[in-house]
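J.: Here you go, one structure.
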């Protein structure tokens, strides 16, 4: 199972995305996001990115999703729409899960199924060998490079975050 | 909008496009597109009515989907080639899908459905930015990948765009929708020549931006948004009436005006590459565009449109709107044809 762990995590990742894309009330959608965040962390961890995976938990789930949860709690409605309360939401959820299951079967049974072209091998989804990370982990080196050689990228990213806040405030100003 | 915020937001729109145009790293391309998109949303929503909100939402959704497709194929290209440089040859499948994503951003057929609706829902000045500045970034990326674009895909999209731009604009009376269909058609012309001579695409883009800028400014001068309102300009600002006449004919691509230069060059380059049916089709469907420009000219400058008598006697006030650079723009959009021999410096 460990060889297929990334594949399994990716499949569940997509299913959790389907769970909030089928548009239930944001509270239930937030639950889907939490699951997706945790699974995303797992996928990143499997590629050796321990720091970034835990960053997902800390900043994304522990910071942004908490704020999202509080704002959703401020805007609750008396009868929130769950996945089973509305036929449209349930239908979309089932469609999404079915599509994902069919894709998963298409990927796993590489030699027997041909849709438009035969699938090319599970490739990066399957870890046969964790590889040699040398003396330094690639991911830590990447983060170090971001803050040394990648100063421009930090400037652009920081500016984009600032603009994100300003844009949201302009959009919700409403007068 | 609060002036300092407006300046910061415009700065981000401009730097987003500049990042896309000047970078050699695919990740920065995507970042530039997203910065541009994020910052232009409040500009589209300048007026707080539901129509503008809906237009901004539609724009955001289509552009975000296109950016996501672009990002996915950037990563798949990275998987196959192992590097992030923009100017290196693309994996063929990645090239097809990136072209599709960039066509969604430009509003090429069959991804043109958002252009008229978004342009109509926003104010005239936002529409101006949408139809001119926002075309620069995707076209610059298409310029950079032009050597690996699949010809079938791009030529199909281009012919469809010119046809849809022509036929779609025929039944319109709202000026913003007319300009939107005009934009779709011009994008079709630009992408037709992209594979054979990307320089001509830049020429077409430049002249198109100058002409569209001028057109929007002339419309904004009297705050006209419909054909009926435009037909009263003879009474408000007679000079604009004659300028609209010349400008519409330039947009339609008639010699001896500037709008003829790109069409001429494009047809010449296409025939040099042994395509005959394609420029014939493009030229014939561009006549549909010319028809609705001519209709605007007719109602504005050549006839007195039906109106009641009180509308025929208006006070003439001085225009309080800031029409930056309008006279030079008008000159550039109509009188550049004698400079066409300068294009020989490209050889």
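In case you wondered, yes, glycine gets a Cβ from its N, Cα and C as well.
The following feature annotations were taken from Swiss-Prot:
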type	residues	note
TRANSMEM	B:3-23	transmembrane segment
TRANSMEM	B:25-45	transmembrane segment
TRANSMEM	B:59-79	transmembrane segment
TRANSMEM	B:96-116	transmembrane segment
TRANSMEM	B:122-142	transmembrane segment
TRANSMEM	B:149-169	transmembrane segment
TRANSMEM	B:178-198	transmembrane segment
TRANSMEM	B:200-220	transmembrane segment
TRANSMEM	B:242-262	transmembrane segment
TRANSMEM	B:274-294	transmembrane segment
TRANSMEM	B:325-345	transmembrane segment
J.: Please work out whether the transmembrane segment (B:274-294) lies in contact with the transmembrane segment (B:149-169), by counting C-beta pairs under 8 angstroms that are 6 or more apart in sequence and asking whether there are at least 3.
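T.: Contact confirmed: at least 3 Cβ pairs fall under 8 Å.
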J.: Rank B:59-79, B:122-142, B:242-262 by Cβ pairs under 8 Å to the transmembrane segment (B:96-116) and hand me the top one.
T.: B:59-79
J.: I'd like to know if the transmembrane segment (B:3-23) touches the transmembrane segment (B:178-198) in this structure, counting it as a touch only when three or more C-beta pairs sit under 8 Å and are separated by 6 or more positions.
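T.: Between the transmembrane segment (B:178-198) and the transmembrane segment (B:3-23), contact is absent.
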J.: Tell me if the transmembrane segment (B:122-142) touches the transmembrane segment (B:3-23). I count contact as 3 or more CB pairs below 8 A, with pairs 6 or more residues apart.
T.: yes
J.: For the transmembrane segment (B:122-142), give me same-chain residues lying six or more residues beyond its boundaries with a C-beta closer than 8 angstroms to one of its C-beta atoms, as numbers and ranges.
T.: 13-14, 16-17, 20-21, 29, 32-33, 36, 40, 43-47, 52, 55-56, 59, 86, 98-99, 102, 105-106, 149, 176, 179-180, 183, 187, 190-191, 194, 201, 205, 208-209, 212-213, 216-217, 219-220, 223, 225
